[in-house]
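Asks: Here it is, the structure in full.
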């Protein structure tokens, strides 16, 4: 509220005045401000000088690299490797379309108009099926590409979306089981959640990828990628269950009792009274979990998947491009930033939307 | 179920071993049924051995050996599938059948050979500690470094090897150790050391990739150690080990006899001696005894070349790394690579 009082109708003017007053009010502030701006300006200039003015952009000009400027030629030459991993070169359109299908699926799932169980189910099945059909290819009569060949950004997006979309319902299920009155169900959930949470993610994924096939019969093995997605989703679900539990605890018992008194059944109380509030309370931590999960997908490189970070490392993994690893890492960081920043902004939007309910 | 059957088959095979001289390998049978050979790749890049080119295709010394084996078994170098694996994952992945064998810069150690249930092929590469020096010193071997400063990474086996070697050779020196490889590299580049010790192929990569003027640095000829790098396979399929060993042997014999990917057809048509005739399938014997085609070696050499060609393309003079053959030359050229006798 305090800010609203200080800022009169024209916000820019007011901010400018505030800035002058705080930054240049006394000789000491002037000195500090000038020094700070000079240092910031120098840093910004050196970065721009390196990244833009003296940079080499095209792979044809690679011999000019290494003279004090960034060598974006490495991105020009190797961007397909970063984006698609070792997916066959002439089939990259499929990987592009598949990645778009995942992005569209995720974006649509974020739109409030889609928030109905049936619509979401149809959307997710359609989204993941088109990803799989395009990437694998044999069912569409295209060249078959097994999951070992999937990689880069398309793989990272797919892993992320699959883990979150599978893990979210699993997490809700576990949270409900943990609150159950039936001891067997309750203790089952408690044991699962606490066991998985006390194991590092790498161990869980390593077990799913490598240890499980040693004792499962081979017809149950499935492809490594599905086992890994399931293991990762289980890990996500166990943490998410605890986030939901926090949401449940914020709701007074009286609401359940009031619901029962009105003659509503368990599912009606849950679906119409409790869950909407649980989601609202759990939202900030949920967004945290989702963002962390996006970044954690990079761990799959340990079990031999070519996610975007691994394919980035491979991009500078030949003698020609080895000196330009900073450029590759910056490019990969920028891609991560775009996705995670968008997720964060969406979280802000959701918070604003849900704040309406509190008025 | 198939796993249990496989175990059963292996047990039965070991009981019936004496009569099994020419039986086909279980693994080769599976590869033929599948139509692809599953090889190990890397979850990234291991310079010179496993890399990805600008067209998103795998390349490198280890990849070329996989292509050679694919041609030998299936007759087409592209019928393989490179499964990206991390270092930690490679042995479990082999045991669970995700790959048919591991060709991935893997050293032959006693622990792996015994406790881990692996068996190794003939070594195809020897890597060991070597020294790199500034070119303007004009040195070519360690003895000329007398009185100089040698830098190593602290606490590594390299440190001990260098100390041992220089002491045995009675070379006066002072040794400086650095905590990290990055510090070591910058100390060397800042001329604080005359020479620096590390794994040979690593030095070659470093020289080719991170040093502005690669020609100003010399990797000295002294080999301070030699660790054999070999292909690793699951225990219990001796016939498959035979196939892999003779794949490597054929590449080496081809180099000894001067057979290259360019002249292989000519050599097969008019073999200069009986050994070449047998190797290239002009005379029978090469295929039947391994349960394969008589022409497998000819097709393989046509597809990937002989061992020297593979080495030069990926690590040697035709690659950016320019790593001398050294130990990895044929015995007749001062190296330690040799092929078993082709009778």
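Keep in mind that glycine also has a Cβ here, set from the backbone N, Cα and C atoms.
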Asks: Quick check on the annotations: TrEMBL lists transmembrane segment for one of A:5-24, A:65-84, A:225-244. Which range is it?
Replies: A:225-244
Asks: Select from A:253-275, A:322-344 the stretch of residues annotated by TrEMBL as transmembrane segment.
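Replies: It is A:322-344 that TrEMBL describes as transmembrane segment.
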Asks: Any chance the transmembrane segment (A:198-219) and the transmembrane segment (A:97-115) are in contact, meaning at least three CB pairs closer than 8 A with a sequence separation of 6+?
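Replies: Not in contact, no.
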Asks: Can you tell me which parts of the same chain pack against the transmembrane segment (A:97-115), counting only residues 6+ beyond its ends and a CB-CB cutoff under 8 A?
Replies: 123-124, 126-128, 130-131, 134-135, 153-154, 157-158, 161, 165, 346, 353
Asks: Which residues of the chain, 6 or more past the ends of the transmembrane segment (A:28-48), have a CB below 8 A from one of its CBs?
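Replies: Beyond its ends, the transmembrane segment (A:28-48) has Cβ neighbours at 22.
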Asks: What residues in the same chain, six or more past the boundaries of the transmembrane segment (A:289-310), come closer than 8 Å to it by Cβ-Cβ distance?
Replies: 82-83, 85-86, 150-153, 155-156, 159-160, 163-164, 167, 201-202, 205-206, 209-210, 224-225, 228, 232, 236, 239-240, 243, 332, 335-336, 339-340, 343-344
Asks: Below 8 angstroms Cβ to Cβ, which residues of this chain, lying six or more residues outside the transmembrane segment (A:122-142), approach it?
Replies: 91, 94-95, 97-98, 101-102, 104-105, 108-109, 114, 150, 154, 158, 161-162, 165
